[in-house]
Amino acid sequence: RRSLTRRVPEECEESCEEEEKTCCGLENGQPFCSRICWG
């Protein structure tokens, strides 16, 4: 798993991994998952 430059919560990474996506961070306190994180 490649590490992101910014630190993301492990819960976010784990919930996104279930969808086979990457955690891009939190949006309104909710995990924001995407295949590609922009910027």
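Including glycine, each Cβ sits where the backbone N, Cα and C put it.
Applying an 8 A CB threshold to same-chain residues 6+ apart, the list for Cys24 (disulfide bond) reads Val8, Phe32, Cys33, Ser34, Cys37, Trp38. According to Swiss-Prot, the disulfide bond annotation covers Cys12-Cys24 (among others), on the basis of similarity to another entry.
The disulfide bond annotation in Swiss-Prot covers Cys16-Cys33 (among others) and rests on similarity to another entry. Remark: Cys16 (disulfide bond) has Thr22, Cys23, Pro31, Cys33 as non-local neighbours, by Cβ distance under 8 Å and separation of at least 6 in sequence. Cys16 (disulfide bond) falls within a helix when secondary structure is assigned with DSSP.
Positions annotated as disulfide bond by Swiss-Prot, on the basis of similarity to another entry: Cys23-Cys37 (among others). DSSP assigns Cys37 (disulfide bond) to coil, not to a helix or a strand.
The tryptophan amide annotation in Swiss-Prot covers Trp38 and rests on similarity to another entry.
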DSSP-derived class (H/G/I helix, E/B strand, else coil) of Cys24 (disulfide bond): strand
